[in-house]
Structures are given as structure tokens and as C-alpha cells.
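Structure first, commentary second.
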Amino acid sequence: MARRAAGGAGPPGDDFSFVSPAVKYVLFFFNMLFWMISMVMVAVGVYARLLKHAEAAMACLAVDPAILLIVVGVLTFLITFCGCVGSLRENICLLQAFSICLTIVFLLQLAAGVLGFIFSDKARGQVTEIINGAIVHYRDDLDLQNLIDFGQKEFSCCGGISYKDWSQNMYFNCTTTNPSRERCSVPFSCCLRDTNETVINTMCGQGMQAMSYLEASAFIYTNGCIDKLVNWIHSNLFLLGGITLGLAVPQLVGILLAQILINQIRDQIKLQLYNQQHRTDPWY
């Protein structure tokens with residue numbers, strides 16, 4: 001102990017730790033929260049898929065909301081699992097994996113926003129293809145059907161470009177060989193709302209595709225949902241910016257805390273190695 005007394009101070013002892021409990025457990029509970037949310041997302045997605053008819057589920061796989069829920073849930077589960085275990089066990093490898101994955105997700109979101117803004121025409125084309133695919137499989141998937149009906153009612157629109165896009169669906173198309181009772185019709189969610197109506201008339205869109213725009217506009221929304229969606233985005237840029245910022249802040253906080261904890265763990269390892277090397281030193 002002579003050297004420590006002569007110098008006035010010495011290296012920290014074995015009971016000292018560079019690792020901050022606050023950083024460690026804040027990061028742990030931060031990841032635990034999103035880990036539990038991800039498990040709920042996966043469970044709901046799997047349950048929704050199991051309820052679907054096998055053939056119908058395979059037919060609309062690309063536009064199935066349940067698949068999106070499962071994919072996002074699994075990715076979130078894996079990332080937050082690394083964060084949970086890495087922070088609790090002070091494992092640098094898991095913390096680095098967590099930090100790298102979160103950084104990649106953040107950069108992908110940023111790139112998607114920038115590319116969507118720069119290539120707005122191509123983005124519009126992709127949205128059109130997705131909506132057309134959803135229209136084709138409207139009757140094949142109850143979840144997809146409810147999602148489309150919700151969108152058409154909220155945005156007061158019908159179809160992609162116009163209400164006649166519903167001819168792409170085998171039940172609603174206007175061909176003379178179509179035996180469906182919904183031939184040349186549109187879904188009830190396209191109909192103009194009657195505030196005095198207590199019971200929803202699900203057949204209100206009957207034969208609307210056979211009418212001209214002017215005639216049909218007295219009964220249904222004739223404008224497509226793509227233009228309505230674009231106009232809504234332009235009118236709510238501040239809201240969308242706030243939502244984007246709200247999603248980005250937790251990611252940046254998680255990356256920052258992970259990097260701080262990694263540096264603290266490395267400092268702690270260096271301290272332990274230093275103490276081990278100098279325990280045999282008679283002047284220590």
C-alpha cells in the first residue's frame with residue numbers, strides 16, 4: 001500500500017465498477033417493454049393467420065396485414081432480445097448486435113423517407129400496385145377487407161384511381177359472364193354516408209360501376225383513394241413529421257445507451273485486468 005499512500009491516490013479497487021446501474025437497467029427495461037410488445041404482435045399475427053382458410057391465406061400472402069404484423073414482431077423480438085440479455089448480462093457482443101441492428105433500422109427508415117420524397121412518382125406507382133393487389137383479393141381475406149373498408153370510409157374514396165377499379169375484383173367486375181350478385185357493384189364502404197341511417201345497407205353500391213361519374217357521385221364516392229391519400233399527406237406533414245420523430249427518438253436513445261454501456265463494460269474489463277496484473281506487485 002506504500003505506493004498508493006505516497007502518490008495520494010491509486011487505481012480503484014475490486015469493489016469499484018465503471019458500469020452505471022442507471023444506464024444498465026434503463027436500457028434493460030426499455031428493451032423489455034418493446035420485447036413484450038413484439039411477442040403480442042407475433043401472437044396476434046399468428047392467431048390471425050391460423051383463422052384464415054388455407055387457400056385464401058396463400059392467395060393474398062403479399063397483401064396480408066397479419067404477415068406484416070408477424071414480420072415486424074419477429075424483427076422487434078430479436079433486436080430487443082439482444083438488448084435485454086446484453087444489458088442484463090453486460091455482454092458486449094449482444095449489445096453491439098443490438099446497436100448495429102437499431103442503427104440499420106433507423107437508416108432504412110430515413111432512406112425510405114428520402115427516396116419516397118425524391119422519387120414520388122415511382123412511390124406512387126408502387127402504392128398503386130399495392131392497392132390494386134388489395135382490390136383483387138378483397139373477398140379473400142377478412143382482415144384485408146376490413147382494412148380497405150376502413151380506408152375508404154375514412155378518406156371518403158373508392159378504389160385506387162376511381163370507383164371503376166373495383167372491376168379488377170372477380171366478384172365486382174362488369175363482364176357479362178360474371179355470375180356474381182355483386183356484378184358491376186362497389187363495396188358498401190364507398191357509399192355516401194347517411195347520418196340518419198341506423199342499419200348499414202351493405203348493398204348500397206349495387207350496379208354503381210355501370211353508371212357515369214356524375215350519376216354515381218349521387219350515391220358513392222367516385223374519387224380514388226390514391227389522390228385522397230396524397231392530399232392527406234400534404235395536409236398533415238407536421239403530424240407525420242411528429243410521428244416519425246416519435247419513432248426515431250426511442251431508437252436513437254437505445255443506440256446511445258447501448259454505446260455508453262459498451263464503453264463502460266470495456267473500461268471495467270480493463271480495470272479488472274489491471275488489478276489482476278498488479279496483485280503480485282509488492283509495491284501495489
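Backbone N, Cα and C atoms are what each Cβ position is placed from, and that goes for glycine too.
A TrEMBL annotation is a machine prediction, not a hand-curated record.
Feature annotation from TrEMBL assigns disulfide bond to Cys157-Cys190 (among others). Taking a C-beta cut-off of under 8 angstroms and a sequence separation of 6 or more, Cys190 (disulfide bond) has the following same-chain neighbours: Gln152, Cys157, Cys158, Gly159, Tyr163, Trp166, Gly205, Met208, Ile220, Tyr221.
Within 10 Å of the C-beta of Cys174 (disulfide bond) we count 14 further C-beta atoms, all protein chains included. Feature annotation from TrEMBL assigns disulfide bond to Cys158-Cys174 (among others).
TrEMBL lists 25-48 (among others) with the feature transmembrane segment.
According to TrEMBL, the transmembrane segment annotation covers 60-88 (among others).
Counting residues 6+ beyond its ends, the transmembrane segment (94-119) has Cβ neighbours under 8 Å at 31, 75, 78-80, 82-83, 85-87, 244, 247-248, 251-252, 254-255, 258-259, 261-262, 265 in the same chain. The transmembrane segment feature in TrEMBL is assigned to 94-119 (among others).
Summarising the annotation, TrEMBL assigns transmembrane segment to 237-262 (among others).
Note on the transmembrane segment (60-88): residues 24-25, 27-28, 30-32, 34-35, 37-42, 44-46, 48-49, 52, 94-95, 97-98, 101-102, 105, 130, 133-134, 137, 140-141, 143-144, 147, 254, 258, 261 of its chain, located 6 or more positions outside it, place their CB under 8 angstroms from a CB of the stretch. Beyond its flanks by at least six residues, the transmembrane segment (237-262) meets 19-20, 23-24, 26-27, 30-31, 34, 83, 86-87, 90, 92, 95-96, 98-99, 102-103, 105-106, 109, 113 of its own chain at Cβ-Cβ distances under 8 Å.
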